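Noted in TrEMBL for the protein shown:
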- 139-185: region 'Disordered' (REGION)
- 146-158: compositional bias 'Basic and acidic residues' (COMPBIAS)
- 198-239: repeat 'WD' (REPEAT)
- 240-281: repeat 'WD' (REPEAT)
- 282-323: repeat 'WD' (REPEAT)
- 324-365: repeat 'WD' (REPEAT)
- 407-447: repeat 'WD' (REPEAT)
Amino acid sequence: MAEDVQKHSVHTLVFRSLKRTHDMFVSDHAKSIAQDEESQKMKMSVKLKADYNAVLHMPVLKEGKDRVSLLAGSMLGNQSYTQPGDDPEYLIAGTHAYPSGPGVALTADTKIHRNPSEGGINSLALVLPPSQARQDVSRTASSVGDIHRHAGGGERSHPQSSSVSLLDGGGTRNAMARKAPTMPKPQWHPPWKLFRVISGHLGWVRSIAVEPGNEWFVTGSADRTIKIWDLASGKLKLSLTGHISTVRGVAVSNRSPYLFSCGEDKQVKCWDLEYNKVIRHYHGHLSAVYDIDLHPTIDVLVTCSRDATARVWDIRSKANVHTLTGHTNTVATVKCQAAEPQIITGSHDSTIRLWDLIAGKTRATLTNHKKSVRTLAMHPRQYTFASGSADNIKQWMFPDGSFIQNLSGHNAIINTMAVNSDGVLVSGADNGTIHMWDWRTGYNFQRIHAAVQPGSLDSESGIFACKFDNSESRLITAEADKTIKVYKEDDTATEETHPINWKPEILKRKRF
């Protein structure tokens with residue numbers, strides 16, 4: 001078998017390999033096919049009519065000769081089309097310096113950028129159809145001298161009459177300088193004044209909830225008790241004991257006669273207000289429970305804790321439906337709403353998370369804050385909410401948490417916020433100050449620093465919680481001097497007696 005194999009010299013084998021390689025690469029596939037002259041002329045004629053028909057009536061100026069010839073007839077005919085290389089002269093169609101149009105030969109001479117001459121500009125202006133803008137003598141366009149000046153050429157003097165208005169309906173108008181954005185005038189709100197101080201708790205008052213019927217409200221305190229107060233008179237109606245540490249959150253159901261509470265003892269309790277007893281416990285949090293909220297339309301309870309989680313509970317079965325994980329530090333505040341996203345949390349890791357309740361997963365994470373987010377407030381009518389932190393208050397748009405604006409000026413640790421339908425946002429801080437804001441504009445229209453209860457230290461001035469009652473005519477605050485303060489609007493105030501001290505300053509809001 002080996003004898004049948006024909007032996008070739010190395011020389012022959014190399015040349016055979018070279019031949020194969022040559023055959024393989026002999027045809028250059030990237031090389032374009034030679035153009036057919038008739039087809040090219042027809043193609044360019046069609047292109048001229050289709051793309052440049054609106055400007056074919058314009059004159060063409062041959063640079064250096066200042067003569068105008070109309071192209072309308074010649075360009076429509078196929079014979080007059082200039083092939084590259086046929087006419088080496090550089091054509092300027094209209095007043096465009098370069099390129100002049102399809103078919104201009106690109107030589108060393110035509111590549112030079114030349115400014116349009118005055119004759120070309122004036123001839124173009126003469127053939128333009130008359131317009132309202134040209135007839136309006138009050139408007140003037142830039143003169144040729146201005147064009148040369150901006151182009152870097154020498155400044156020429158031209159009489160005012162040579163300024164030809166080239167303005168058409170949407171033409172090149174002298175652009176007015178854009179005004180810097182200014183804060184719109186805020187809505188006037190009557191000032192709020194202290195109406196009542198309620199004493200009774202033996203420790204810091206940490207939480208407030210108002211009953212849906214607006215007859216009473218409930219507070220939770222560091223004295224481990226929950227107290228129920230008459231809203232109209234401020235008298236104590238009932239005290240509930242059962243927690244073994246600070247009560248950090250309370251919520252009253254509008255669907256059943258139940259009160260829910262949570263505290264630093266890791267407990268979440270459901271109280272039956274017909275018997276004033278605990279009927280359910282919700283076990284699962286590994287550390288202090290800081291806030292609690294009820295879903296407005298379904299029997300679901302949401303709590304958040306120092307264990308960096310928020311938990312969703314079935315009220316009836318006490319089952320832990322979801323454990324919402326993702327935050328890397330204490331979850332300080334939680335809010336529920338009927339619309340998506342149904343759960344919003346704020347954390348000491350300086351983020352806000354919007355949650356998908358059905359999936360039990362994060363829908364969006366807002367990382368704009370630089371300090372702990374301790375409080376959230378949802379607008380009762382708009383699809384918006386606010387978050388409070390030591391850096392500033394930020395407003396956001398649902399459902400994706402689009403940033404709206406910053407409310408800066410409350411330079412303290414903001415523990416609590418509330419907003420009413422009238423667009424009054426209240427922020428309460430660790431140093432005992434309360435700021436009132438106009439929701440729409442972010443204007444701070446009032447600042448309150450109420451005196452502490454007699455016998456308390458000035459350092460015990462701090463706001464831990466605030467809530468509007470359901471009529472929105474009363475503001476209830478829970479404070480570090482162990483009191484509950486009730487504020488109301490000043491009925492005697494008018495816009496004349498308390499004018500808005502507002503100036504339309506240029507906005508300097510951070511857009512993040």
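Any Cβ shown, glycine's included, is placed from N, Cα and C.
Keep in mind it's a predicted model, so treat the numbers as computed, not measured.
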Counting only residues 6+ away from its ends, which parts of the chain sit with a Cβ under 8 Å from the repeat 'WD' (407-447)?
183-187, 189, 191-192, 374-382, 386, 388-390, 392-395, 461-468, 472, 475, 477, 479-480, 500, 502, 509
Average model confidence [pLDDT] within the repeat 'WD' (240-281):
96
For the repeat 'WD' (282-323), find every same-chain residue at least 6 residues outside the stretch whose CB is under 8 Å from a CB in it, and list them.
245, 248-251, 253-256, 258, 260-270, 329-338, 342-343, 345, 347, 349, 355, 357, 360
